[in-house]
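Asker: Positions annotated as domain 'S4 RNA-binding' by Swiss-Prot, on the basis of sequence analysis: 98-161.
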Amino acid sequence: MARYTDARCRLCRREGTKLYLKGDRCYSPRCAVDRRPAPPGQHTPSRRKVTEFGIQLREKQKVRRIYGVLESQFRNYFHKAERQPGVTGENLLRLLELRLDNVIYRLGLGASRAEARQLVRHGHFKVNGRKVDIPSYQVRVGDVIAVRERSKGLTRIQELLDRASENNPPAWLEYDGERAVARVVALPTRENIDIPVREQLVVELYSR
């Protein structure tokens, strides 16, 4: 599968805001957006006035990059959100939030969504007692997510378990740090999806 392999900090600088793609580094003085807020490039030109289409495109790219999905995947999520009842933009964010890799990140079991995605691919988690190694797997209300027993002895997993025990997950997730088990207790609402995007602009872009 195709994936982005260039420096992730360039993406944040391109969007002009932190997308929190590098985990702990994004909260440190080493963050590229704090050090060099101008767009990437040799001459780092100042940001020019953009058209309405350009604004919508940048917002779509921002959402796509935050969750780490390809354009074709993102378009499929949008069409699925369109078919669901309710507000399309909120439906889109909900579908992205319910990806297994994002849930692992929200639980604190990955320092970034990229790390969470890698851990899922390596088969470190179970959903309802069965190993799931598909990052895009859609969890549902009532699903139980757990770290596999054979993975708990790994140094990095132990570090993340300690991290998760101090993490404050969103209201739609419950986490038992002693057992390293989480449960999806509700569907995420826009109020508890804390990403700095204007999803309505994405809807307007795809509605052109």
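Note that the numbers count up from 1, one per residue, in the order the chain is shown.
The backbone N, Cα and C atoms fix where each Cβ goes, and this holds for glycine too.
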Asker: Take every residue in the domain 'S4 RNA-binding' (98-161), average their pLDDT values, and give the whole-number result.
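Answerer: When the pLDDT values over the domain 'S4 RNA-binding' (98-161) are averaged, the result is 98.
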Asker: By DSSP assignment, list the helix, strand and coil residue numbers for the domain 'S4 RNA-binding' (98-161), in that order.
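Answerer: Final tally across the stretch: 26 helix, 11 strand, 27 coil.
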